[in-house]
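Chemist: To start, I am sharing the structure in question, which I have written as structure tokens.
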Amino acid sequence: MTGLSPSGDIKPLLDDESQRPRVITPFPSPKLTDLSMFQGEHKESLYWGTYRPQMYFGVRARTPKSLVAGLMWLVMKDGKPVMRHFCENSNDLKSFGWKEHNGRDFGRQELFEQNMVLETSFVKSEEGSLGYGGDWSIRINVQNMLNDDEVKRSTHLFFYLADEGCNGVNLGKDVLRLKESSVLASGSRQDVGNWQMHLKSQNHLETHYCGFKTPDIVNLSGLVQQNLTAQEEKSGLLQLSDSSEDSSNIYVFQISTTNQSTIDIAFVSGIKEETSNMENRIMSLTGLPLSSLLEEKHIAFNAKFNECFNLSDKLDPETLVVGKAAIGNMLGGIGYFYGQSKIHFPKSPLAKSEDDFLLYWPAELYTAVPSRPRFPRGFLWDEGFHQLLIWRWDVHITLEIVGNWLDLMNIDGWIPREQVLGAEALSKIPKQYVVQFPSNGNPPTLLLVIRDLINGIRTEKFNEADRDKILSFLDRAFVRLDAWFKWFNTSQIGKEKGSYYWHGRDNITNRELNPQSLSSGLDDYPRASHPNEDERHVDLRCWMYLAADSMNSIQEFMGKNDILVTEDYSSIAKLLSDFTLLNQMHYDKDHGAYLDFGNHTEEVRLVWKEVIHEDGHLSRELVRETYGKPELRLVPHIGYVSFFPFMFRIIPADSSILDKQLDLISNGNIVWSDYGLLSLAKTSSLYMKYNSEHQAPYWRGAIWMNMNYMILSSLHHYSTVDGPYNSKARTIYEELRSNLIRNVVRNYDQTGIIWEHYDQTKGTGEGARVFTGWSALILLIMSEEYPLF
């Protein structure tokens, strides 16, 4: 079997050294996460954390087989008890999210339930700790919102401990008759030694428990509900069975209360008989000392927020609350995952099979996530936008996260765009999106972050120690970044010199009005109606310009000119910034807009037809019908893609074409609204059109924060450089910035949520809830912090 190498040479699909297919062979260079800066104190300080973003509240360590903790609770729905555990986008929890989180050792979250408010706080302490990673505490505040007649209805919380390595967990002696302070559970692990979990509360609590021996933590809420149902059938009481299986590695503790309650749960490790200061350690992690510690962390969070973003004198208190929620939820959404991606690899060229995949090597990923309820896993192009915010808060976290992603690169320079690692991540994704295709890329947004870091060094934003760490990181990262660019510059190249197109569009489907381009990140944004190799995508061309220019900057900054690199980055960047060539390929003079090019007709629509399946079954389905012959042409859809040359500042400041872009941006009949810029022009034939029977419009009109941020960034740029249009750019910039901030704050005031995207006509939040991936960029818009080019 043979395949095309990144250089265009024919190479065996099997790597000679390992006899593994190349697609699942790691890139042969030292891993970034093995750098000394990520070891020692740094590694230990980040060992424990709220690294289970898919849970309403969960704690784990950054190790594959961790001791994990989590919280569940019961609510009544349609007269039946329902367990809250995994974050759900569809349930009727009013709102939830981190109000504060520093990404390291502190976070405070509020969850607004039907008749209850839960506040969960997490804090770590190294004072007196002997175990690796330190001690930590959880505080759960329960506030019932019931009236006097209902107040006696119990609130049922379920706190659990589970050992993923199936090490036995020991039940505490006083679980059923809690004292002021009681041991819930204990055990021993190789990483942290002997450990104990203590519960302390001044309130009257009723407790029950059950223990399970199973590696299946994903279905824990189901096991608990089965136990509750069985007990209710026996006794009529909604309580756990107070029993456990032999050698249980999971214990669930039911904590019931009818009053307002504060529950402190402390984890201590590294316990040795000769160090009998347990009472002092527990006291320092509970009660008044815990209150003092949480207040200290709260004050420090606010101080750092002011230091990083300098907003206290610029914005009103309501807007500041949203800014803090943006960074708090971004940092609180950082997760740790471990597992193996599934990579598409056809077993036979003649027939498709569900087994047409190979497993990537076992890998860990430390990353932020776009949305805890909808997308609690790593997405490659999202992560670049995430880190534009995070590096300003904690550059060490950014370096490690970017390093984690680059370490996922295979020998050909490809990185899977969506990371589904481990059973918990797998449980939260539709089956059709699990397998990753090695022909498909994703925008190289990580280079936006790396450019920012280099510019930060040039403008002396970092101290000497951090500067040295960034330089050390870039020195090791360069060979991987070089391979990544090489993969793009060969696998995604078009027919014409200087042209590119996103591979992976379905050219045989008749179920989509316009075949999606998932690899572009813009999914259903309209492209050429009939995908083929003649396509030219203006957004990818601009991403490649960014990549080439970034690599050239890194090469010059790091003095890498004396080493062998695969590309002449200076020449490629010059080619892709050639304004005349760009206009020849993509500019439509009639509309004053940059457009894709491809085999296209506007004469397509979805129609209902009766379809006979292979088994003889007859069904009525929406299928695409084409009524006009497609031809090679510019694709007449104005929207976010049209503004990429503007976003990447390829347009000269004195060009009349810049004036045309400003007119398009500010035209209320095109993409302008009082809430932000629309993803697709109102004049487009596919504006707000369904792409299939079940695919609602996604990037066909809705307002998305990442693209608004990039456009706003360039408006800011063009407003500050010399040129005939700078005052016009400034006026548009100020109004767009004001519209975006006002709308996000208004929605947050009404719903307590930052949303995935916003409605194009009303500005209401839509899509995934708690989308504090790139929607959190609203904080950088507030602080007017933009990437430099």
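Each residue, glycine too, has its Cβ placed from N, Cα and C.
In case it helps, Swiss-Prot gives these features for our protein:
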- D523: active site, proton donor (ACT_SITE)
- E756: active site, proton acceptor (ACT_SITE)
- 1-24: region 'Disordered' (REGION)
- 512-531: region 'Disordered' (REGION)
Chemist: Quick one: give me the count of other CB atoms within 10 A of the CB of E756 (active site, proton acceptor).
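Modeler: The answer is 25 other Cβ atoms.
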Chemist: Just give the helix, strand and coil counts over the region 'Disordered' (512-531), going by DSSP.
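Modeler: Within the region 'Disordered' (512-531) the tally stands at 3 helix, 2 strand, 15 coil.
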Chemist: So how many other Cβ atoms are close to D523 (active site, proton donor), meaning within 10 Å of its Cβ?
Modeler: 14
Chemist: Distance between the residue listed as 'active site, proton acceptor' and D523 (active site, proton donor) at the Cα atoms, whole Å?
Modeler: 14
